[in-house]
Amino acid sequence: MLYKGDTLYLDWLEDGIAELVFDAPGSVNKLDTATVASLGQALEVLEKQHDLKGLLLRSNKAAFIVGADITEFLSLFLVPEEQLSQWLHFANSVFNRLEDLPVPTLAAVNGYALGGGCECVLATDYRLATPDLRIGLPETKLGIMPGFGGSVRLPRMLGADSALEIIAAGKDVGAEHALKIGLVDGVVKQEKLIEGAIAVLRQAITGDLDWRAKRQPKLEPLKLSKIEAAMSFTIAKGMVAQTAGKHYPAPMTAVKTIEAAARFGREEALNLENKSFVPLAHTNEARALVGIFLNDQYVKGKAKKLTKDIETPKQAAVLGAGIMGGGIAYQSAWKGVPVIMKDINDKSLNLGMTEAAKLLNKQLERGKIDGLKLAGVISTIHPTLDYAGFDRVDVVVEAVVENPKVKKAVLAETEQKVRPETVLASNTSTIPIGELASALERPENFCGMHFFNPVHRMPLVEIIRGEKSSDETIAKVVAWASKMGKTPIVVNDCPGFFVNRVLFPYFAGFSQLLRDGADFRKVDKVMEKQFGWPMGPAYLLDVVGIDTAHHAQAVMAAGFPQRMQKEYRDAIDALFDASRFGQKNGLGFWRYKEDSKGKPKKEEDAAVDDLLASVSQPKRDFSDDEIIARMMIPMINEVVRCLEEGIIASPAEADMALVYGLGFPPFHGGAFRWLDTQGSAKYLDMAQQYQHLGPLYEVPEGLRNKARHNEPYYPPVEPARPVGSLKTA
């Protein structure tokens, strides 16, 4: 053994070839600060070996290196800029030493090689991969850019266009695509990986492969003419401006850095990468996006812990076909859980099967599946008008019309057709689970399971724990949701649960703005372009359905009369009474027509202004800041109330539910991350200006206490240790 660290070791393999093996405690390798330091120490030992002829890098895990240790990021990002820059220089000196070894080097890459893992293998001369490889640089999705030389080496290896596509989009690619673009040099079966790697190294050692020529382009300026450079970078900047926008600075910074570094060799190019990385790491966007990643890990870990002793349902059923039922059935079948889809008429069953078939055909068109796979999946969805086979199902989700009487009747009838241990769930979006459970003989086997539309796209499923829901019931439904590829978040019961409970105060703020004379077009524009929502409130209401919102508004008002009971007729009432139900019938705040792809396209409709005039004061202008404040304060206050009342268990779960269920702008990180970034005291000052607007604008006492004591909702993060100690971690 030449060197043994906590996360890697170095040893002789054969005939002058050494192997450096990443083998961290636990299930995965991460390129954390300690591993970077250990890699430097291993290279120091290696540089003294006069008999060294070649080096093989490999992993003892199912994945090579999954990336940097993102749990370290928030503390690293608090380190002063100069110290962070020094540490990056140190880390890059380690990878440069790997790249500068006087012998050929090869990385045998299996599973994931992402972020720092990818940057590590870019420093070797050759890369041999297994078919399960996923390799790429996802840093821009975390609000930063590659910092270990990825923005320098990748363009010089692949050419500007392919590298920009990966770096700017934060993409990873599979083995075959990586081979095609030159990111890896070969793909071999797992059992042949080491044998193949040694064979390539031997060829390089004997001179059959020119490893020096392979290495040289990574040390030089990017080989692009002025015209080629202008075309590549102009197109890339245009694409990034269109897709990322101003709220996500990292992709544009990465493109501009690669452009500026193109005319320099490795050392100066790395300096430019360093100068760009450090300011990005100190942005609120980076902290928010890293926070989302960590929250996602926390939520998924919590679900895994909850279901560790539970068998995943093997047979499911959906009550109520149509678009929603068909979407749920598709998602379950697609992920390997056969499903019975029951309805009371053929028309709805046909609609549900058509929806499932449409989604599968899209997968076929994209090359994700072949015809055989499509036929196999669709055959596991069984449409039926009766309860045949329900005695075999493990879990049933009801997705019928949002009417408590109908839901109670359907659930009570179904309970008589299933085994005593079968779990029942309701896809209700607003009706309290306790109310629906009153119709059942076994309420302990019942809970809520709220999907979001469209089911195949929206990652969140709210699992609602009723007063009598058993732990086993919740665990079974969480297991099914996880199997479907969803992110389940368990909440406690109340009208609207968590997501809709906090959404409708937001809509109430919108209604009040319109009542006071705001133009809905400007409100949408501000909330989309300035705050960053994917849709403004008017557009969102049209997508949700004005009729659906009108009904849900009444349910929420009955549940929370002090805050959510209206004392006036509002814009939603006016549109509902005029049968303008949104996209579903082509008329809402906008008029909708199908575009060439069959998707609804919104158009201006002057008639809506006359309708809104009947429930509004004369038009007047509002500043962007006032619009944002009046829209967001009711939502933020309600989110805080949900935490204080125990409806949602933690700020992390609340923020993930908002991002995954409502599209809360990820660069804000969620409501609690946004509050912490603003500061509770600053938020309180803003909110107090609008308290006269009513109870929805009254700040909860718990938030006032946070402001008084200057306490954040997330635990404070301490800066990482000084750079000197990071080196030797």
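Note: Cβ is positioned from N, Cα and C throughout, glycine not excepted.
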Swiss-Prot annotation, substrate site containing D296, N500 - matching residue among Y126, Y592, Y660: Y660
Looking at NAD(+) binding as recorded in Swiss-Prot, which candidate out of S276, S429, S482 goes with M324, D343, V400, V401, E402, K407, N453? S429
Of 246-267, 708-729, which span is tagged region 'Disordered' by Swiss-Prot? 708-729
Same-chain residues at least 6 apart in sequence with Cβ under 8 Å of the Cβ of V401 (NAD(+) binding site), in sequence order, are G320, K407
Cβ-Cβ under 8 Å from M324 (NAD(+) binding site), same chain, 6 or more residues apart: which ones? A399, N427, F451, N453, V455
Of E119, E139, S429, i.e. the recorded positions, those within 10 Å of N500 (substrate binding site) when Cα atoms are compared: S429
For E119 (site 'Important for catalytic activity'): intrachain residues, at least 6 apart, with Cβ closer than 8 Å: F95, L137, P146, F148, G149, G150, R153
Given the binding-site residues S429, N453, N500, which one's Cβ is surrounded by the fewest other Cβ atoms within 10 Å? N453
Per DSSP, to which secondary structure element type does H450 (active site, for 3-hydroxyacyl-CoA dehydrogenase activity) belong, with helix, strand and coil as the options? strand
